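The CoA binding site annotation in TrEMBL covers Arg194, Arg195, Gly196, Lys197, Thr313, Asn337, Ser527. Residues annotated as ATP binding site in TrEMBL: Gly389, Glu390, Pro391, Asp413, Thr414, Trp415, Trp416, Gln417, Thr418, Asp504, Arg519, Arg530. TrEMBL lists Val541, His543, Val546 with the feature Mg(2+) binding site. Sequence annotations record features per position, and here TrEMBL assigns domain 'Acetyl-coenzyme A synthetase N-terminal' to 32-84. Here TrEMBL flags 91-480 as domain 'AMP-dependent synthetase/ligase'. Marked as domain 'AMP-binding enzyme C-terminal' by TrEMBL: 535-617. Per TrEMBL, the feature N6-acetyllysine maps to Lys617.
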Amino acid sequence: MAESGATLSNLSHEDRTFPPSEEFAAQANATAEWYDRADADREAFWAEQADRLTWSKKWDSVLEWDAPFAKWFVGGQLNVAYNCVDRHVEDGHGDQVAFHWEGEPGDTRTITYADLQREVCRTANALTELGVGKGDRVAIQLPMIPEAAFAMLACARLGALHSVVFGGFSPSALRSRIEDAEAKLLITSDGQYRRGKPAPMKENTDQAVADTPTIEHVLVVKRTETDVPWTEGRDVWWHDIVDRQPDTHEYESFDSEHPLYILYTSGTTGKPKGILHTSGGYLTQAAYTHHVVFDHKPGESVYWCTADIGWVTGHSYIVYGPLANRATSVMYEGTPNTPHEGRHWEIVQKYGVTIYYTAPTLIRTFMKWGKEIPEKYDLSSLRVLGSVGEPINPEAWIWYRENVGRNNCPIVDTWWQTETGAIMISPLPGVTAAKPGSAMRPLPGISAEVVTEEAEPVGPGGGGYLVLDKPWPAMLRGIWGDEERYRETYWSRFAKQGYYFAGDGAKYDDDGAIWLLGRVDDVMNVSGHRISTTEVESALVSHPTVAEAAVVGASDPTTGQGIVAFVILRGGVAQDEAKGADAIKALRDHVSKEIGPIAKPRQIMVVEELPKTRSGKIMRRLLRDVAENREVGDVTTLADSSVMDLISAGLQEGKGDD
Ligand code: PRX
């Protein structure tokens, strides 16, 4: 029987806690008192954070909330690019490095704040010449090169909205995003490096804009010297137009609620959603969270967020948050194993990185490659480690702490979404006694709850739906051109209470810490128990042979659903032995022991790879197809579409394993 009132069973337990060292706590940017201060007067707290920015006109009121529509710092005016670039130069920090850029083939560029100011001004002048102005939309599909940041900041400077599309997306994905936003300009490159080789880019983007009448020009950065098709009159080389522009540009200030960007995120049904973010509130929260969650010290820290600029993490934590805080960042163009599996650690060592922010999918990949790889490098500069994008399994957290952080760095597991714009739930590294696998509690100024279907708080030990019960500055301001979908997707489930429904399952442990349990669409129902995929996956990863696991519910005549697990083994594990019947039985028993017999997988399959989206999230829908012997559904959003063939082929071979 399901537990009464609660929506998800609370199965796993974690007793380990890791408080910060006294030394770290003593110098931290935020202290425990911040929670009380924010609770006492939320608006005053956020006003204080907004004051870290430079406003050309101060706001009249902090918040106007007409659910589900929020306005923050109403009446205030600012220029986002000025806040990220010019003001630091004016303050005498023009020589400070903004980006240590590292190209995949090993070429490098060093960009100071003064350089950044000149490049952003030139780009803004070039965009003006190409007819881009306030309110226009600019599509950007670029590799991880500095021009991506220049282009975004130039749009912000002009009050134009950028819509960045991840470099790995297909021409049709780019086209639908251009059409939906009615973009006027596309910024792209001749090619991009992918695993050591140049791959064409403009060839693809040309297909995307073959039939998009809103596009007037295509601005092309030369990166790989790849031959490109060319349309006279429409296409313009970046170096031809940008390089000849004056390197100064007079900026205009915009309303706090002026749109800053659109970023498309896939919905459960077909059409991607254009998530809209605006200026003042977004920048306030991006900068505040970057300051307190990473304990960033301007001019001292060397910060590296490994995300791609095509995702929200790249927007908020490569561009806007860090630059507003005058960070010195590493920007890396390539893949983590090009040309070898120690590339990230080599970069950490080379630049003395102090803050490293990455995704669980990559941490588990590092586990698969083995701890011998990071061991070879000097990682002693690291002070804070971050994680984002998925629940981090406790064992992966411990591995990260031991092998990357050398037991010496607080880990911040940061929960947020494209829609939230900035980090919402996370430890504060100088305050929180973190538990491996828990995002802990909402940041000062943020409010979240775990509730039942009936919107009742589940209380300590209970599982349910994660909701955000109060507006926050960086919240999405809507879905581009589709107000109805905005209301329906996020605000209809708990309409009466006015809660934002995040789509994630979560639970409180007995101490009130929050544990994310995966998307509610992925929850399994076994004999009436609602079991989270995350908990079973974490139990599997806590076995010494397993690096990564994906778990799905497959229909079962007796239990409703049966648990089917797909696992990837760790580096150094004898593969044949670990695939044998005894080893599989040991794994099933291990899950049973860790979280209870109800969660014991019906079937476990060892695979080489898991199907993932391009941002690294496991696509359980496809694994459900395999587990239920159905033809595998739409694989177009997979990073590597051959993975499903491999898994299906492996299954045919391994039938009768269990
Ligand atoms: O399910 C949660 C998961 O990622 C979703 C948001 O994805 P996206 O909009 O692509 O943004 C990713 C980067 C912010 C969430 O609904 N997620 C993100 N961070 C965590 C997480 N799940 C558990 N723990 C996290 N730290």
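Backbone N, Cα and C atoms are what each Cβ position is placed from, and that goes for glycine too.
What TrEMBL annotates, mapped onto the structure for a quick look.
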residue	record	DSSP class
Arg195	CoA binding site	coil
Thr313	CoA binding site	helix
Gly389	ATP binding site	coil
Arg519	ATP binding site	strand
Ser527	CoA binding site	coil
Val541	Mg(2+) binding site	helix
Val546	Mg(2+) binding site	strand
For this session: Return the members of Arg194, Gly196, Ser527, His543, Val546, Lys617 (the recorded positions) with CB less than 6 angstroms from at least one atom of ligand 1, or none.
Result: none
Seminar exercise, completed: Counting other C-beta atoms within 10 angstroms, the emptiest spot among the binding-site residues Arg194, Lys197, Arg519, His543 is Lys197
For this session: Starting from the Cβ centroid of Val541, His543, Val546, which together make up the recorded Mg(2+) site, report each further residue of the same chain whose Cβ lies within 8 Å of that point, ordered by sequence.
Result: Asn393, Glu395, Ala539, Leu540, Ser542, Pro544, Thr545, Ala547, Ala549, Val567, Arg570, Leu587, His590
For this session: Looking only at C-alpha atoms, tell me how far Lys197 (CoA binding site) is from Lys617 (N6-acetyllysine), rounded to the nearest Å.
Result: 25
Seminar exercise, completed: Integer Å value for the Cα distance linking Val546 (Mg(2+) binding site) with the residue listed as 'N6-acetyllysine' is 18
For this session: Identify, in sequence order, the residues in the chain of Pro391 (ATP binding site) that are 6 or more apart from it along the sequence and have a CB within less than 8 Å of its CB; answer 'none' if there are none.
Result: Pro360, Gly437, Trp515, Leu516, Leu517, Gly518, Thr534, Ser538
Exercise. Relative to the Cβ of Thr313 (CoA binding site), which residues of the same chain, six or more apart in sequence, are found under 8 Å away?
Worked result: Cys305, Ala307, Tyr357, Val388, Gly389
Problem set entry | Sequence-distant neighbours of Gly196 (CoA binding site) in its chain (C-beta under 8 A, six or more apart) | Glu104, Pro105, Gly334, Thr338, Pro339
Exercise. Closest to Asn337 (CoA binding site): which of the recorded positions Trp416, Thr418, Val541, His543, Lys617, going by Cα position?
Worked result: Lys617
For this session: Measuring CA to CA, name the entry from the recorded positions Thr418, Ser527, Lys617 that ends up nearest Val541 (Mg(2+) binding site).
Result: Lys617
For this session: Summarise the domain 'Acetyl-coenzyme A synthetase N-terminal' (32-84) by DSSP state, stating how many residues are helix, strand and coil.
Result: 22 helix, 15 strand, 16 coil
Seminar exercise, completed: Here the recorded positions are Arg194, Arg195, Ser527, Lys617, and the Cα closest to that of Trp416 (ATP binding site) is found at Lys617
For this session: Go through Arg195, Lys617, the listed recorded positions, and name the one with the sparsest Cβ surroundings, counting other Cβ atoms within 10 Å.
Result: Arg195
Exercise. So for Thr418 (ATP binding site), how many other CB atoms are inside 10 Å of its CB?
Worked result: 19
Problem set entry | Whole-number mean of pLDDT values that fall within the domain 'Acetyl-coenzyme A synthetase N-terminal' (32-84) | 98
Exercise. To the nearest whole angstrom, what is the C-alpha distance linking Arg195 (CoA binding site) and Lys617 (N6-acetyllysine)?
Worked result: 20
Exercise. Which of the recorded positions Arg194, Thr414, Arg519, Ser527, Lys617 has its Cα nearest to the Cα of His543 (Mg(2+) binding site)?
Worked result: Lys617
